[in-house]
Amino acid sequence: GAAMAGILAWFWNERFWLPHNVTWADLQSTEEAAFPQAEDLYLAFPLAFCIFMIRLLFERFIAKPCALGLKVQANGPQKAQPNAILEKVFTAITKHPDEKRLEGLSKQLDWDVRSIQRWFRQRRNQEKPSTLTKFCETLSFTYINHIQLYCPKWCVQTFFFSFLSQTPWLWNTRQCWNGYPYQPLMPDLHYYYIVELSFYWSLMFSQFIDIKRKDFGIMFTHHILAVTLLSFSYVTNLIRVGTLMLCLHDASDIVLEAAKMANYCKCQKLSDLLFVTFAIVFIVSRLGIYPLCLELCSYTGVTVISPLPRQRQLLACAHTLSRYTHVHAHRQDIDVRFFS
C-alpha cells in the first residue's frame, strides 16, 4: 500500500507533467468548467468491447453479403491432401523442411521430393485467409475506424477536417496553448478522444484473434504507443495538440483500405488509382504535415509557456516512435496485404 502510493506519487510528479505552479488539484472539474480526469479513461474499455462486437456483427451480416455480391472469391487456397506423417512434421517440427529432411520423408513415404515440397507449399498456403475473409476484415476496419468516428453530429466537413473545422487551433497552433493547462474540456473533444482510445484498445486485443499477419509485432507496438499517447495527452489536457495529430494520423488509412478492397474485387484500375492517391496523401500528411505540425506546436508552446513541462519531450519521442512504426507497418501492409 505505502510502497505503491510512493511509486504513484513519484510517477505523477507535478513538476514533470505540469507547468510550474500548477497542481493536479487545479485541474479538478468544477461546476464552472470541466477538465479531463484520469478516471474518464475507464470509459474506453466497455466502449472498446462494443466496437469489437459491432465489428464482428458487421463482418458477418453486412461485409460478407457485400463481398459475395461483388463476386469476391470465397474459396481459399487449395488444401493439401491429408497425411499424418507430414502433418506432424509441419505442426511440430518445421514448416520449411531442409533437403536432408525432405530426402528422409521421401524414403519413409515413398514419395518423390518434389511431391513433398508441393505438399508443404500447399499446407503453408492453406493457413492463409481467403480473399473473402480479407475483404470482410478490411471493410469492417474501414467502417469502424472511419465511418463511425467521422460521422457524429458535428462532422460537417470532409474526413480529417471534420470536427476541427469549428475550432480556432486548426490553422493557428498558438491557440493550442492559449490558456493551457486551464482549457475547459469540450464535450465533442471528450467524445472524440474516448472513441479513438476505445478503437485502439479494440485493435490491440482483436489482433490476437484476427488473421495473423507478418506485421503483427510492429502493429502491436504501434497500438501500444497510440494508447499511451492518447491516455497521457488526455490526462495532461494536451487535447488540442492531440486532435491535430489524430486527424493527420488517420487521413490516409481509409484510402489504403479502399485500395485493398478494390484489389480483392479485381478492379485493378480503380485499385491502382486509389493506391497512388494513398501514396500521395500518406507522404503529404504523415511524412510532411504531421512532423511539421508537431514541431510547430512544440515551438509555439515554448513561446507561450516557458518552460514547458518536461513530459513534452517524452510525448514527442513517443510520437516519433509511433510515426516510425506506422511507416514500417504501411510498408509491410502494402507488401503483405495489398499484393498478397
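The backbone N, Cα and C atoms fix where each Cβ goes, glycine too.
On a predicted model such as this, the values are computed, not experimentally measured, just so you know.
The transmembrane segment annotation in TrEMBL covers 41-58 (among others).
Annotation comment: TrEMBL describes 86-130 as domain 'Homeobox'. The helix, strand and coil residue counts that DSSP assigns across the domain 'Homeobox' (86-130) are 32 helix, 0 strand, 13 coil.
Look at TrEMBL and you will find 88-131 tagged as DNA-binding region.
The transmembrane segment annotation in TrEMBL covers 191-209 (among others). Nonlocal intrachain contacts for the transmembrane segment (191-209), taken as residues 6+ away from its ends with a CB within less than 8 angstroms of a stretch CB, comprise 40-41, 43-45, 47-52, 55, 144-145, 148-149, 152, 163, 216, 219-220, 223-224, 226-227, 230-231, 234, 239, 242-243, 246.
Per TrEMBL, transmembrane segment is recorded for 216-235 (among others).
The transmembrane segment annotation in TrEMBL covers 273-293 (among others).
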Mean pLDDT over the DNA-binding region (88-131): what is the value?
83
